[in-house]
Amino acid sequence: MNALAATSRNFRQAARILGLDSKLEKSLLIPFREIKVECTIPKDDGTLASYVGFRVQHDNARGPMKGGIRYHHEVDPDEVNALAQLMTWKTAVADIPYGGAKGGIGCSPSELSKSELERLTRVFTQKIHDLIGIHTDVPAPDMGTNAQTMAWILDEYSKFHGHSPAVVTGKPIDLGGSLGREAATGRGVIYATKSLLAEHGKSISGSTFVIQGFGNVGSWAARILHEEGGKVIAIGDITGAIKNPNGIDIPALIKHRSEGGAVKDFKGADPLDKDELLVHECDVLIPSALGGVLNRNNAANVKAKYIVEAANHPTDPEADEIFAKKGIPVLPDIYANAGGVTVSYFEWVQNIQGFMWDEEKVNMELHKYMRSAFNNIKAMCKTHDCNLRMGAFTLGVNRVARATLLRGWEA
């Protein structure tokens, strides 16, 4: 089941539990605005090339729209729609004053030079500058984009609107980026995991963890677990997987990786079959790579006691049903990986105030937001007698629906 179908299905289930009016339900699903623009740039060899850029702005009932911009050769409108919608519910679950958006350009960033990427980013910004803004829509990095891309958008936007650091988040620190932003998603995953374990009388130290994916989120999550006395007993990425029942030495693995080594060649652990990783015995399984990795083919064999979704949509609905029968709690992506957008919100706040925080304050505020969201999800689970995923979806959808009704949506 693809991301759009799964998100819409979860939304409809939440709407049913909440007893939403069918007209309101339909209105909440339709995006506020979809933008599609042509971006033509001169390539380095003097020829012209055209790319299609777009932005889906899903909902702004609770505040400016927020979401990433991806540069990828198959930017699928359906998927972008799903991700924009997911951002609407995610920001509502985290209780930050935003709605959802998503966008991108259909291009292969690896095949473009740095100066071509810069020209493309600037042309895209020229085409959409009057449709984004500090109080309208605030983009951020996503697949194939980074802090440098945000710096170009900021510079181009400021030519039209004056110095506006709050128009994008995920910027370089020197241009108003926030401390703690790089580690934010991984750190948020750990705060979420702590809340879940505490609920069952457990803690990170003394628990065992398996992590799929060793990119930004997976490596930060592993690093923080290691610091707090958790045992990461298996890790895998696209190159392969490794295990060590006594716990992998994470700082050594990160050093090995930074020197250009592959995860699977790390000396301090034994090789593990990639397919075995997700069904490896552990207390907590953290998928932090691709979507759809837990499905009906492997869900029955999963031996973890808890699953924390650091990736977007790693669990198919069929796997969800199997986990429910087995009594494995799944902490949903819409809450578990909201640390990134929460610290993006902190960055936006700091830019608007013109007053920057130290990293300790960023992490302390993030902890507060993640803990409070967990308690609110648990309250929804209790009220509606549902699992954690529906607890999160009903919480998010209910907040957006209430804001929409209060604003007078039929007028």
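A Cβ is built for glycine as well, from the same backbone N, Cα and C atoms used for every other residue.
According to TrEMBL, the feature active site, proton donor maps to K102. Of all the Cβ atoms in the protein chains shown, 29 others lie within 10 Å of the Cβ of K102 (active site, proton donor).
The Cβ of K90 (substrate binding site) has 27 neighbouring Cβ atoms from other residues within 10 Å, across all protein chains displayed. Among the features that TrEMBL reports, substrate binding site is placed at K66, K90, S344.
Neighbour density for N216 (NAD(+) binding site): within 10 A of its CB lie 15 other CB atoms from the protein chains shown. Look at TrEMBL and you will find T185, N216 tagged as NAD(+) binding site.
The site 'Important for catalysis' annotation in TrEMBL covers D142. For D142 (site 'Important for catalysis'), applying a Cβ distance below 8 Å and a minimum sequence separation of six or more within one chain yields G67, G68, I69, R70, K102, G104.
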- Which chain-mates of S344 (substrate binding site) that are at least 6 residues away have a CB under 8 A from its CB, listed by sequence? K66, V138, A140, T169, G170, S178, R181, A184
- Using C-alpha atoms only, work out the spacing between T185 (NAD(+) binding site) and K90 (substrate binding site) and round it to an integer in Å. 13
- If one measures from the C-alpha of K90 (substrate binding site) to the C-alpha of N216 (NAD(+) binding site), what distance in angstrom results, rounded to a whole number? 20
- Message: Counting across all protein chains present, how many other Cβ atoms fall within 10 Å of the Cβ of K66 (substrate binding site)?
- Response: 29
